[in-house]
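Here is the structure we will look at, set down as structure tokens.
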Amino acid sequence: MHPLWAFLLGLSLTNGLSANCPGRCSCDSMQSVQCYRLMELPSGIPSTTKRLYISHSRIQHLQLSNFTGLLALEDFILLASGTESIENDTFKTLSTLKTLELWKNKLRQVPSALPANLEVLKLNDNAICALRGSEFEGLKNLKVLELKNNLISSLSPSMLSPLASLQSLMVDGNNIESVVGPLSLPHLKYMSMENNQLHLIPGNVFTSLQNLQFLSFSGNFLTKIPINLPKSLLSLKMERNQLKVVRFRDMKHLENLSHLYLSENFLSSIDGAQQLTNLTTLEVSQNQLQMLPPRLPSRLQKLDCSSNFIQRVTAPEFQDLRDLKHLFLDNNVVSLFEAGALQRCSQLSNLALEQNLLLSIPLRLPKTLARLDLKGNAIQDMAERELRDLKQLQVLNLRNNRISALDFKALEGLPRLRHLYLDGNPWNCTCSLLRAREVLKAKGTDVKGGQCAAPAERQGESWMSSKKILRQCEHHLQQSEKSKETKKKPKPEDSSSIRLNMDDDDDDYEID
């Protein structure tokens, strides 16, 4: 076809489509209609429409006649439109409807007589008080049910029993005080009941949930982890509850569990986690731990113990954690960090030690570290021996410490350093500090901070960018360069010692 004819044909189709599109709506060739700020559901929606999206309108009531002729409709989304009521059987004749989303409205109950082919039902942010099994009758294909942020007070088997194919259930942010079991949902994989009023979970709730993989009870009032959890579980979230103890012996059958979240509870100790042999993530931040958990699972990759009261870091807690990649110990009271405590963690890339009581950078850290956060300690020095093996380090955060000088040799030993954070330290801006600046500029490191606290005539200047300091120290830098060149110049009568010295220099850059 000639390009001109193709253009004219496309133009005519577009004009025809726009002509059939209701006001305040946009229609596209993908059979999708989007409407905004309506007072009622518009008439004249194309009969071929598969997706109808209406948002931020004032549609108080939906009725059967609104959908007459929309026999191809697959997705209907009504968002933030003030809808309070829906006529009985409004959606019943929409046999092709697969997704129904009625978010942020004022519905008090689940719409009745929903179409049998429905797969996704989302009624979040309404005013639904109760669920009745009759509302879900015939929904054998429903896979996703979301009822977040409503006013539901309880869950029972009779409410959900018609949903034989349900795979995901989310009822976060309700007023649920009780759950009655067993919930007969054999295909359920994901269940979230966050931010409710639960104090106790009966042991029989999970009897028929043998395919459940992800479970969250975060933000409730539970004092213990529910018993008889399904063996299929991969992830368990119990943050923001009232746990004081975790009985791992009641969880040892969870051989597939890989993620356990216990942050923001009242745990004073964690012991026995090694029984969860496949655990890769353990988060216990914002508890009352005074020591690191002993005997952790050997496959652990992430351990978050931030915001506790941990004082010491020693080698025994980490001797079997060869797969550990991320360790968070920030906001504790760590004052003792045993040299080489993490040497067995041969894959550790991220170590967070901000806001502790460290006086120096820990010695013999893993060579694999890419990020090291030491903000807000009492570190006074940055020595070459503390950093010499960290050839992979890319980010070093030393904000808000007591460092006044930098060893430029320590910086030379960090070939991959890309980001260095130095603000909040009392820098003594002598000319020798500019050697460190030259090293950092040569490697292209992004440096944040570095304001001089001394001497008095340089207070407030930045030793990384101040031209004034550079001019004052120009002679010192030239002398340093000449001294360096003199040391490098070989003596003909002692070539063997030169080679030896060069090898020694190379050793400074190698990883043992």
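Quick reminder: no glycine exception, Cβ is built from N, Cα and C everywhere.
According to Swiss-Prot, the feature compositional bias 'Basic and acidic residues' maps to 474-484.
Sequence annotations record features per position, and here Swiss-Prot assigns compositional bias 'Acidic residues' to 503-512.
Residue counts for the domain 'LRRNT' (20-44) under DSSP, split into helix (H, G, I), strand (E, B) and coil, are 0 helix, 9 strand, 16 coil. Here Swiss-Prot flags 20-44 as domain 'LRRNT', drawing on a curator's inference.
What Swiss-Prot records for Asn66 is N-linked glycosylation site, and it gives sequence analysis as the kind of evidence. According to its DSSP assignment, Asn66 (N-linked glycosylation site) is helical.
Annotation source Swiss-Prot lists region 'Disordered' at 474-512.
Long-range contacts of the repeat 'LRR 1' (45-69) within the same chain: residues 17, 20-22, 25, 27, 30-39, 75-87, 89-91, 93-94, each at least 6 residues beyond the stretch ends and with a Cβ under 8 Å from a Cβ of the stretch. The repeat 'LRR 1' feature in Swiss-Prot is assigned to 45-69; the stated evidence is sequence analysis.
According to Swiss-Prot, the feature repeat 'LRR 2' maps to 71-93. Within its own chain, the repeat 'LRR 2' (71-93) has Cβ neighbours under 8 Å at 31, 38, 47-64, 99-108, 111-115, counting only residues six or more beyond its boundaries.
Away from its own ends, the repeat 'LRR 3' (94-117) comes close to residues 67, 70-86, 88, 123-132, 134-136, 138-141 of its chain (Cβ-Cβ under 8 Å, at least six residues beyond either end). For 94-117, the entry in Swiss-Prot reads repeat 'LRR 3'.
Taken from Swiss-Prot, the feature repeat 'LRR 5' applies to 139-162, supported by sequence analysis. Packing against the repeat 'LRR 5' (139-162) from elsewhere in the chain are residues 114, 116-133, 168-185, 193: each is 6 or more residues past its ends and has a CB under 8 Å from a CB in it.
Outside the repeat 'LRR 6' (164-185) by six or more residues, the chain places 140-157, 191-199, 201-209, 216, 219 with a CB less than 8 A from a CB of the stretch. The repeat 'LRR 6' feature in Swiss-Prot is assigned to 164-185.
According to Swiss-Prot, the feature repeat 'LRR 7' maps to 186-208, an assignment based on sequence analysis. Sequence-distant neighbours of the repeat 'LRR 7' (186-208) (same chain, 6+ residues past either end, Cβ-Cβ under 8 Å): 155, 164-180, 214-223, 226-230, 237.
Nonlocal intrachain contacts for the repeat 'LRR 10' (254-276), taken as residues 6+ away from its ends with a CB within less than 8 angstroms of a stretch CB, comprise 218, 229, 231-248, 282-291, 293-298, 304. What Swiss-Prot lists as repeat 'LRR 10' is 254-276, and the listing cites sequence analysis.
Feature annotation from Swiss-Prot assigns repeat 'LRR 11' to 277-299. Remote same-chain partners of the repeat 'LRR 11' (277-299), defined as residues 6 or more beyond its termini with a Cβ less than 8 Å from a stretch Cβ, comprise 239, 255-271, 305-313, 316-317, 320-323, 328.
According to Swiss-Prot, the repeat 'LRR 12' annotation covers 301-320, on the basis of sequence analysis. Sequence-remote contacts of a segment are chain residues at least 6 beyond its ends whose Cβ falls under 8 Å from one of its Cβ atoms, and for the repeat 'LRR 12' (301-320) they are 263, 280-294, 326-338, 340-345, 347, 352, 362.
With DSSP states grouped into helix (H, G, I), strand (E, B) and coil, the repeat 'LRR 14' (346-371) comes out at 0 helix, 4 strand, 22 coil. As annotated by Swiss-Prot, repeat 'LRR 14' applies to 346-371, with the evidence given as sequence analysis.
Under DSSP, residues within the repeat 'LRR 15' (373-389) fall into helix, strand and coil as 4 helix, 1 strand, 12 coil. The repeat 'LRR 15' annotation in Swiss-Prot covers 373-389 and rests on sequence analysis.
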*Using a Cβ cut-off of under 8 Å, list the residues of the same chain at least 6 residues beyond the domain 'LRRNT' (20-44) that approach it.*
13-14, 50-59, 62, 66, 72, 81
_Below 8 Å Cβ to Cβ and six or more residues apart, same chain only. Which residues does that give for Asn66 (N-linked glycosylation site)?_
Leu41, Thr90
